[in-house]
Amino acid sequence: MTSAATTSDVVHARAPGKINVSLTVGALQEDGYHDVATAYQAVGLYEDVWATKADGFSVEFGGSIDTSHLTTGADNLAVRAARLLARSTGYRGGVHLRIEKNVPIAGGMGGGSADAAATLLACDTLWGTERTRDQLLALGAELGADVPFALAGGTAIGTGRGDRLSPALAKGTFQWVLAIAEFGVSTPDVYGELDKHRERHAQDIFPAQQIPQVDSGVLQALRAGDPHMLAEVLHNDLQAPALHLAPGLGEVLQLGEENGALAGIVSGSGPTVAFLAADLDSALELQIALSAARLTVIRATGPVHGARIITG
């Protein structure tokens, strides 16, 4: 994450999407939320934001995916990010945002959070508000649990709501093949289904942890840079409820593993399915096989850096 004051009229910032290689969800809290423990990995699918000074706050979308159903009003997360930065710094102007989206929408990969992260960085540079890294991370946490990680990038452990970050060592590059669904899944619906599942099976499963933790095997696999080790410990507590709400994802998981994936996992709350491949050649072969099965497929590598200024 890099930021500096500028005299440019336009600032271009970029932030990555993410995969949760491990996601453990704690018990339902009184406020209706859950604490989590997750291992994030930033992957090379990017959201690009161009920020231009303006009197008010506005946003428009473009890019490789259909954005026609996205809101461009005050409730858009990128607009909220810009307004939050202006309010917290006393900046009296506005901004027009142009966002090119390449991270699947409502796919569990943090595309909206990447928009917000890139917007914070772009506006901080455009306006010369000169927030520190920690200040930007704190603002990001006000916007959503995944925003701080989109700012930080790399590989990290997220606790609390996922916004309290600790860097994690990760050696080498992991090869991912992403099967993109033609539909979205509501994150609140997936968490709600998880709570119902736990209530229905309270006699048969261990109680949810009050303070969830990432399994040590995940950290060891990341440190080793070994995709075979990581494949053995991929974990997502939200996968079962996501499969319940979207049963077709189970067929996608099976298809990927039948065509050479080391393992597959629903990314976050879904419905994107992330397959881990042994190496680049295996990833290419898997991409071809899934494409032949008429799935929309993207290949990506991780970890990659977090939000940064491209020009400005």
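Every residue gets a Cβ built from N, Cα and C, even glycine.
Cβ neighbour count for K18 (active site) (all protein chains, 10 Å cutoff from its Cβ): 32. Residues or ranges marked as active site in Swiss-Prot (evidence: sequence analysis): K18 (among others).
Look at Swiss-Prot and you will find P104, I105, A106, G107, G108, M109, G110, G111, G112, S113, A114 tagged as ATP binding site, backed by sequence analysis. Of all Cβ atoms in the shown protein chains, 32 besides its own fall within 10 Å of the Cβ of G110 (ATP binding site).
Around D146 (active site), a 10 Å sphere centred on its CB holds 29 further CB atoms from the protein chains shown. The active site feature in Swiss-Prot is assigned to D146 (among others); the stated evidence is sequence analysis.
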Would you mind pulling the DSSP three-state label for K18 (active site)?
-> strand
Enumerate the residues of the same chain, P104, I105, A106, G107, G108, M109, G110, G111, G112, S113, A114 excluded, that satisfy the criterion Cβ within 8 A of the mean position of the Cβ atoms of the recorded ATP site; list them in sequence order.
-> G17, V103, T272
At the level of the C-alpha atoms, what whole-angstrom distance separates A106 (ATP binding site) and D146 (active site)?
-> 13
Distance [Cα-Cα, Å, rounded] between G112 (ATP binding site) and D146 (active site) = 9
